[in-house]
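Visitor: From TrEMBL, here are the annotated features:
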- 120-278: domain 'FCP1 homology' (DOMAIN)
- ASP130: active site, 4-aspartylphosphate intermediate (ACT_SITE)
- ASP132: active site, proton donor (ACT_SITE)
- THR186: site 'Transition state stabilizer' (SITE)
- LYS224: site 'Transition state stabilizer' (SITE)
Amino acid sequence: MSLRDYSPIASINNPREHCSVFADGPDDEVQDIGCFLGLVQGLRHFLKSIFQTGSAAPVAVAKKPRNRGVIASILCCFRKTNNSNNNNNNAQISCQPHVPEENCNSRPSDKYLLPTVRHQDMNKKCIVIDLDETLVHSSFKPINNADFIVPVEIDGTVHQVYVLKRPHVDEFLQRMGELFECVLFTASLAKYADPVADLLDKWNVFRCRLFRESCVFHRGNYVKDLSRLGRDLNQVVIIDNSPASYIFHPDNAVAVTSWFDEMNDTELLDLIPFFERLARADNVYTTLKTMSESPSSNAPSS
């Protein structure tokens, strides 16, 4: 074999076949030395060709995950909505939980989230009420008819969050406060949700406010674990637009449609008779099941 026909790749893969380039004698020892030198020389040529021509196979490099942004992490999500009643494609805030870096459950599992029941609520059931897209809709884009504008400070910069109230939310909350021990439970951060609740709850309906740190992060979702409230589960009901929020206790849930900006919406108003009946029931499980199966029960569809 001539040096012109020598292939460094072939020399590495089949050293004895190509070692004659470096050792011409029949002696085995010389032949072995020649093979070794052939490997070394072949490797040198191969590495040289990589750096000079860039002809080596591409190396897979893991992409860094995109930075979701600090603003997006304030609420339970920040995504584009495709609501038919919304004529723009601007990013809106909704309640599909984003994937965090770690479990948001920071409380010991053996402690309850709620304090002892107040005397005036002793004979009432507990209703857990969601915030975003159940009672209000929020956006970082200016809204002309916003009910509230909430300043939220992020890394030293104040951002304005524009909040729309769902129609009939005032009547709904006032009546729920008369019927139930009311708990606000949201996957949003307190720096946003707390001031919104201050403006929304005119009657001090919410006995307690629970935020993202009270959730359990489970398979990419912020879950509201009702078993950690410190109340009998057969006396607890949750109203939420996101099924992922009550995935641990679906039999305790009343599902509502997500609300964005439809001003003719009457769902909260329509639910009041349903909750009036539920408040008088002995057990939420049997009552929710019966009401959902009965066409004349005024129960919401799941």
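Heads up, the Cβ atoms here are built off N, Cα and C, so glycines get one too.
Given the structure is predicted, the values throughout are model-derived calculations rather than measurements.
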Visitor: For ASP130 (active site, 4-aspartylphosphate intermediate), which of the three DSSP-derived states applies: helix, strand, or coil?
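Guide: Assignment for ASP130 (active site, 4-aspartylphosphate intermediate) reads coil.
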Visitor: Hey, what's the Cβ neighbour count for the residue listed as 'active site, proton donor' at 10 Å?
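Guide: Result for the residue listed as 'active site, proton donor': 27 neighbouring Cβ atoms inside 10 Å.
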Visitor: Which whole-number value in Å describes the distance between the Cα atoms of ASP132 (active site, proton donor) and THR186 (site 'Transition state stabilizer')?
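Guide: Here the two Cα atoms lie 7 Å apart.
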